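Features as listed in Swiss-Prot:
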- 259-290: coiled coil (COILED)
- 77-147: compositional bias 'Low complexity' (COMPBIAS)
- 360-373: compositional bias 'Acidic residues' (COMPBIAS)
- 374-385: compositional bias 'Low complexity' (COMPBIAS)
- 454-464: compositional bias 'Low complexity' (COMPBIAS)
- 487-496: compositional bias 'Basic and acidic residues' (COMPBIAS)
- 544-557: compositional bias 'Low complexity' (COMPBIAS)
- 629-649: compositional bias 'Low complexity' (COMPBIAS)
- 680-757: domain 'Ubiquitin-like' (DOMAIN)
- 77-165: region 'Disordered' (REGION)
- 309-348: region 'Disordered' (REGION)
- 360-393: region 'Disordered' (REGION)
- 442-464: region 'Disordered' (REGION)
- 487-509: region 'Disordered' (REGION)
- 544-583: region 'Disordered' (REGION)
- 624-657: region 'Disordered' (REGION)
- 183-225: repeat 'SURP motif 2' (REPEAT)
Amino acid sequence: MANEIITPTEGELKTIIDKTAAYAAKLGESFENKVKQREGHNAKFNFMKEGDQYYPYYRNKIVENKAKIQADAAAAAAAANPKTPSTTTTTTTTTTATTPLPTATATTTSPTPTTSSTIVPVPQTNSTQQLQQQQQQQQQTTPVFEKPQPPPPPPPKKEPTQPDPLLYILDVPDFMTPLELDTIRLTAQFIAKNGDSFFMELASREVKNSQFDFLKPTNHLYEWFRALVESYAQIIYPPQGIKEQLKSNYFSNKQTILERAMNRCEYNQLKEIEEQKKEEREDEEKTIIASIDWHDFVIVDTIEFNEDDLDDLPQPRTFDQLIAGDTPFGGSDFDNDGHGSNGKGGQDMEMEMDMEMEMDDEDNNNNEDEIEESSLSSTNTTGNLPPKDQSKLKIVKDYQKSNSSVKSNAPTKLTQLCQFCKQEIPLDEMQEHMRIELIQKQQRDSRLGGGGSSNNNNNLTNTLTQDDDIARNLQSFASKRVDIFGETESSKKQDEQPTQAPKVIWDGHSGSIPRVQAAQQAAQLAAQQAAQQKAAAIAAQQASQQQASQQQQQQLQPPQPIGIHHHPQRHLPPGMMPPGMMPPGMMPPGMMPPGMVPPPPFGMIPPGMVPPPPPGLMIPTAPPGLMIPPTQQQQLPPQTNTSPSSSSSIKVEEPQSKKLKIDDVLIPESVWLQNNPNPVNLTVEMADKSNIYQITLQPTDSISLLKEKIKELNGMPTNKQKLQAPGLSILKDTCSIAFYNLKSLAIVTCGQKKKGGKKK
């Protein structure tokens with residue numbers, strides 16, 4: 001059944017099989033491979049695949065067509081070269097066929113009967129020769145059907161090599177319009193002919209023209225444009241010997257040109273196949289990655305932990321122990337003796353380890369008797385340890401444990417940095433150290449260069465300190481000797497930098513959670529108190545500075561006597577006026593004499609009148625025996641000097657008093673809560689005086705809760721409310737009632753925020 005040939009029915013499929021077999025027999029396996037690559041996905045060409053039902057029929061048709069081609073070739077060759085002996089043989093065969101055979105058989109086979117009884121016998125020799133010739137002629141004329149030989153194996157397929165680059169053929173981008181193509185081609189021709197100078201001029205002149213954007217290196221058509229320029233340049237200015245190269249066999253032989261074209265085609269196809277396979281591999285990888293269930297898992301092994309396994313382990317160390325460097329020794333020996341990791345067992349082990357280290361240092365100085373005594377004492381003191389550890393322990397008598405944490409009371413020596421060895425040397429040893437360093441330097445220089453006069457001079461110049469080193473040394477010396485040079489700016493900055501509070505870190509144990517929380521709360525409270533104290537100190541300093549400036553101003557303007565409106569010019573001789581003053585009769589209408597102030601309009605405070613001074617300011621009193629008029633008691637002393645400097649000083653001082661902030665002098669929130677723990681009844685007054693509300697809150701409640709209460713009463717959104725208390729700035733939502741020191745019956749004004757306006 002495997003070799004059974006199934007003939008397809010008459011139709012399109014049979015026609016395709018017959019034509020394909022005919023071409024395959026004529027062109028060989030290369031044609032079959034190309035058809036398989038090109039029509040591999042076509043179902044009509046499945047007969048070319050092994051295992052198909054029509055594959056044996058297809059192979060048989062190929063064999064038949066090859067045999068037919070060979071027979072036609074042999075016949076054509078015979079017709080081209082005719083032979084004369086073949087014609088003679090055919091004539092002899094026809095004549096011999098008509099001659100009768102000898103003996104009686106000849107009489108019986110004769111076509112015409114004879115009447116005579118006598119027959120002329122034919123010679124035997126001639127008849128045998130004719131029979132042999134007839135047999136030879138029949139053998140020559142009868143066609144011999146030989147079994148067709150299989151075709152020779154095709155030559156090994158040649159791998160395609162990388163072809164030469166195409167210098168004069170460029171692929172035109174698909175997205176390019178005909179106008180852009182013509183513009184780029186014409187520009188490339190001119191640039192290839194005229195050079196880069198023309199390119200630079202054209203690019204600078206047409207920089208704003210959108211049609212010449214391809215001249216910019218950032219454009220997507222710039223690379224294609226440069227390749228086009230290079231191609232045109234090679235055509236306009238061809239290389240030397242190009243004509244002889246074109247006349248060579250490499251370009252004139254058609255077979256060579258065809259092979260080169262086939263190589264380029266196969267190379268391009270191979271590249272496309274590789275790119276396609278690469279894309280398929282990438283798609284497969286993406287598909288595999290997308291199909292992975294990242295939440296899936298497989299149990300490899302199960303490890304069971306029993307409570308008995310934890311008995312031999314030491315107790316977990318806390319964060320403080322890790323920082324302190326304590327290493328608890330937990331083991332079965334100490335547990336059996338009843339010593340914990342932090343108990344006596346750990347101390348004994350630590351002492352024994354220190355003894356062993358000390359003994360190793362003094363091993364060369366001890367005698368054998370001392371070693372024996374120490375070994376005996378070690379066996380007596382360490383009876384609880386295993387025997388294998390007793391032989392290693394060495395105890396020194398009169399041992400004193402060195403404590404690195406205890407600082408020596410000896411006074412610290414002053415040191416100085418050596419410029420040669422870069423080490424801190426005591427001042428009393430500095431001279432000897434420098435002498436040794438200089439000697440060593442001279443010896444080293446003499447070994448290297450063999451010392452001469454020039455070398456000595458160089459050594460002397462090298463030992464001198466440079467200017468920048470001198471300045472640096474003096475600066476460091478001044479920073480260390482504050483008692484001589486005073487405090488420098490760097491030391492002040494270091495002192496002003498606040499010390500960073502230790503970070504509160506949880507060690508992971510559940511038992512230390514309350515301690516960590518308490519430490520964190522204490523740190524936050526301390527930071528808040530420090531900030532409030534700093535703000536209060538700054539506010540107090542500002543208030544004291546302002547009070548001092550106001551007192552200084554009042555001292556510069558002492559109160560005048562009763563005749564405050566009278567000027568010193570009254571002591572001049574009669575009939576004389578001070579310079580720049582006109583007589584009263586010659587004053588223009590509406591003007592008052594000097595020293596006289598016109599009365600202010602009704603309802604306005606005179607210019608000299610000011611509100612009562614703030615608390616803490618002292619109003620200067622008149623000298624003994626003088627009385628200030630009642631209208632001048634709440635009036636600051638007038639300024640007799642009318643120069644611009646005096647007026648400008650008053651204008652500078654007024655905004656400073658207006659911008660005085662009271663938020664900085666508030667009592668800390670924690671202190672306020674301790675003194676006022678009761679609920680607070682606030683009076684909320686609308687800015688337009690329309691409504692007044694009474695709201696009761698706790699001192700710890702925030703301002704945002706107060707806004708919610710106001711929203712419930714009048715419906716105003718919380719983000720539109722602007723709350724302000726007397727003497728305070730706008731109340732912030734995140735702060736509490738106690739933060740602003742609001743007591744009961746305090747008045748809070750509720751206004752509406754305005755967007756887009758200038759801040760006042």
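For all residues, glycine too, the Cβ spot is worked out from N, Cα and C.
For the domain 'Ubiquitin-like' (680-757), the DSSP counts in helix, strand and coil order read 15 helix, 26 strand, 37 coil. Averaged across the coiled coil (259-290), the predicted model reaches a pLDDT of 93. According to DSSP, the repeat 'SURP motif 2' (183-225) comprises 32 helix, 0 strand, 11 coil.
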